[in-house]
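Undergrad: This structure is in structure tokens; I'll ask about it shortly.
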Amino acid sequence: LFSGLTAMEKKLAEYKCNTNEAIQLKLVRFPEDLEDDNTTFNPEYSHQVFGDDEVAFGYKGLKILLYYIAGNLSTLFRIEYTSKVNEKFDCVEADDVESKIREIIPPGFCTNTDDFVSLLEKEVNFKPFGMLLHTYSIHNEEAGEDITYQIYKADMTCPGFREYHERLQTFLMWFIETASFIDVDDERWNYFLVFEKYNKDGATLFATVGYMTVYNYYVYPDKTRPRVSQMLILPPFQGEGHGAQLLETVHRYYMSSPTVLDITAEDPSENYVKLRDFVLVKLCQDLLCFSPVKLMQGFSQEMVTEAQQKLKINKQHTRRVYEILRLRATNMGDAEQSRSYRLDVKRRLIGPYKKKQRELAKMRRCLRPEEMTNQLNQIDLNLQREQLEESFQQLVSDYRRVLERLAQA
């Protein structure tokens with residue numbers, strides 16, 4: 001019996017597929033892209049659709065094809081596999097992969113290639129939604145030419161945008177770990193979209209590069225505080241500087257509005273924080289309050305006020321900008337300058353520790369004799385010093401990367 005079971009188990013184990021590998025995504029411009037493996041990319045995450053182990057059971061050689069037309073994102077969805085378990089023979093049922101995918105992609109997709117290719121011919125009619133905010137170009141080594149990109153601000157009143165957004169947001173599930181779909185009927189959402197201009201048979205077409213959603217929170221009595229909710233540059237375009245272009249454009253858009261207080265972000269990822277550091281430092285470096293002389297005098301209310309009024313940057317982010325710019329103005333080889341910088345940053349870092357320390361001390365006064373408390377505090381302080389030094393070193397290396405990128409910009 002046992003050997004039979006393991007044979008059965010072995011057989012069933014062959015019918016497990018990693019869904020991050022099985023899902024094949026494409027952004028299609030030309031019919032030949034369909035056959036070209038170089039245009040395929042895979043999700044980073046599929047746990048929201050297929051569970052924490054990111055596995056689909058019941059198939060061998062499973063391929064979940066999700067192909068999108070580059071501009072308006074019309075979708076081809078197909079499932080292929082070499083074999084599938086069978087309830088009659090194997091007494092187990094394969095996962096219903098199709099209905100899992102259907103839950104996140106909007107209806108109206110193609111299921112065969114011919115329909116998809118005929119939609120591709122109509123793509124020449126697709127134009128970006130909303131209002132053009134910014135045009136920029138990036139030199140592409142491969143193509144040996146400059147490629148032009150445009151950033152638009154759209155909303156749900158733009159004809160066709162609601163349906164387009166439904167297709168666009170499905171990418172969040174594959175590339176943002178904690179993604180969720182937003183309530184598009186709430187009018188306080190703003191949408192910012194990045195497109196690439198490309199040529200096809202002498203016509204100019206547009207391809208979707210990425211986007212950002214921003215929610216406008218109301219602040220009493222007559223202001224708003226835009227909060228960046230989701231931001232995604234699609235994988236084929238990552239690492240080219242589009243994120244920085246998008247974030248800076250969005251900042252500039254809100255900067256021109258007298259009712260905006262400052263701009264924040266919801267639960268930002270590490271990568272987003274690095275991107276924001278770069279963009280905000282780039283915007284702030286020419287403000288008078290950040291002159292080298294003033295940086296050396298320490299963080300000031302003047303910096304907070306000027307960054308908020310002119311650039312809509314909040315106090316917490318302004319403090320980071322100050323630390324990065326002060327690092328640039330500091331000669332870290334000079335013992336006095338470097339010590340002064342280290343103490344300044346550590347004083348900020350120690351804030352949360354001190355609060356915790358006070359809480360612990362309160363608890364211990366109730367629980368333990370005096371001598372023990374002192375000893376414990378001593379142990380804590382040594383650990384705390386190490387952690388503090390580690391945090392400081394990590395921060396300085398992050399800041400240096402921002403300054404390197406700034407020097408190249």
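Every residue, even glycine, has its Cβ placed from backbone N, Cα and C.
What TrEMBL records for this protein is below:
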- 15-177: domain 'Histone acetyl transferase HAT1 N-terminal' (DOMAIN)
- W189: site 'Interaction with histone H4 N-terminus' (SITE)
- E266: active site, proton donor/acceptor (ACT_SITE)
- 276-327: domain 'Histone acetyltransferase type B catalytic subunit C-terminal' (DOMAIN)
Undergrad: Over the span of the domain 'Histone acetyl transferase HAT1 N-terminal' (15-177), how high is the average pLDDT in this prediction?
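TA: Overall, the domain 'Histone acetyl transferase HAT1 N-terminal' (15-177) comes to a mean pLDDT of 93.
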Undergrad: What is the separation, in Å, between the Cα atoms of W189 (site 'Interaction with histone H4 N-terminus') and the residue listed as 'active site, proton donor/acceptor'?
TA: 14
Undergrad: For the residue listed as 'active site, proton donor/acceptor', which residues in the same chain are close in space, meaning a Cβ under 8 Å from its Cβ, but six or more apart along the sequence?
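TA: Non-local contacts for the residue listed as 'active site, proton donor/acceptor': Y215, R227, V228, S229.
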Undergrad: Over the span of the domain 'Histone acetyltransferase type B catalytic subunit C-terminal' (276-327), count residues by DSSP class, listing helix, strand and coil in order.
TA: 41 helix, 1 strand, 10 coil
Undergrad: With every protein chain in view, how many other Cβ atoms are within 10 Å of the Cβ of W189 (site 'Interaction with histone H4 N-terminus')?
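TA: The Cβ of W189 (site 'Interaction with histone H4 N-terminus') has 17 Cβ neighbours within 10 Å.
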